[in-house]
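Q: My questions all concern the structure below.
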Amino acid sequence: MISDMKMKYYMAPMEGLTGYIYRNAYHACYHPMDKYFTPFLSPKANSSLSFRELNDILPEHNQGMYVVPQILTNQAEDFIRTAKELQEYGYSEINLNLGCPSGTVVSKYKGAGFLGLPDSLDRFLDEVCGKMEGMGMELSVKTRLGLVSPDEFTGLLEIYNRYPLKELILHPRVRTDYYKNTPNMPAFGSGFDGSRAPVCYNGDIFTVSGYETLCGDYPELDRVMLGRGIISNPGLLDRIAAGADSGGAGTGKETLRQFHQMIYEGYRTIMSGTEMSCLR
């Protein structure tokens, strides 16, 4: 078993899946995460957070968890305005989405699409980091290796290294991979060694053995982000803690039943209109 005494675990932001109802149910039933990243907030020009977005980041919906809001935009002024709004709710760390591979997102040069405009990305980070530093806030970035080629990451890393990022969450695929093929581990290794900011690994952690292989290959790695692996197996982190692909606290049927019930009740409350009425 690989020692993970210093390892930090993050829940990936997954649109339509890891909203506050899911996060609360997971946090109550399974091995807690060190950070929970929200599904992306997509700011509109001269507009505040939508009802759905506000609902997801309200402090009363995220008690007892360290939550990091994620923003999807390529406009610095929209990012900064949203960051100020989030700061009013007590948030001090914001994540920038540079990884979403969706065609509708990429066609607008957002998410992974922004990686294809390195000069614009550089100017964006220069403005955003300057403003956030003055606000006493921190910025992290979740990125892919590039649009079509991992060779793009050399130039992207040079850009990231110019700025005081809290951390760099690296999914070692390019946009055109979507979630196919296998993570490019040599490219991850180059990023891990070359980044000025601490690097978090994200991608294809589905089993304890896969996690332990990752830790063995990168013994200095101290943070990982779990996404599809946790969705398909909510008890994965409990099994990682136990060091076995089966067994471990929180992996039984009763825990799963409780988890399911909490999610069901959470969505039932929303659909009944009770919560919406309270927030009007």
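Backbone N, Cα and C define each Cβ position, glycine as well.
Heads up, here are the entries from TrEMBL:
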type	residues	note
DOMAIN	11-267	domain 'DUS-like FMN-binding'
BINDING	Gln70, Lys142, His171, Gly227, Arg228	FMN binding site
ACT_SITE	Cys100	active site, proton donor
Q: With DSSP assignments reduced to helix, strand and coil, which class does Lys142 (FMN binding site) get?
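A: Assignment for Lys142 (FMN binding site) reads strand.
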Q: What's the CA-CA gap between Gly227 (FMN binding site) and the residue listed as 'active site, proton donor' in angstrom, rounded?
A: 13
Q: Taking the residues Gln70, Lys142, His171, Gly227, Arg228 listed for FMN, what is the greatest CA to CA distance in Å, to the nearest whole number?
A: 18
Q: May I ask you to report the DSSP-based helix, strand or coil state of Arg228 (FMN binding site)?
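A: In the DSSP reduction, Arg228 (FMN binding site) maps to helix.
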Q: Same chain only, sequence gap of 6 or more: which residues have a CB within under 8 Å of the CB of Lys142 (FMN binding site)?
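A: Listed in sequence order: Pro13, Phe37, Gln70, Asn95, Leu96, Asn97, Leu98, Gly99, Ile169, His171, Asn202, Met225.
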Q: Looking only at C-alpha atoms, tell me how far Arg228 (FMN binding site) is from the residue listed as 'active site, proton donor', rounded to the nearest Å.
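A: Checking the Cα atoms of Arg228 (FMN binding site) and the residue listed as 'active site, proton donor' gives a distance of 14 Å.
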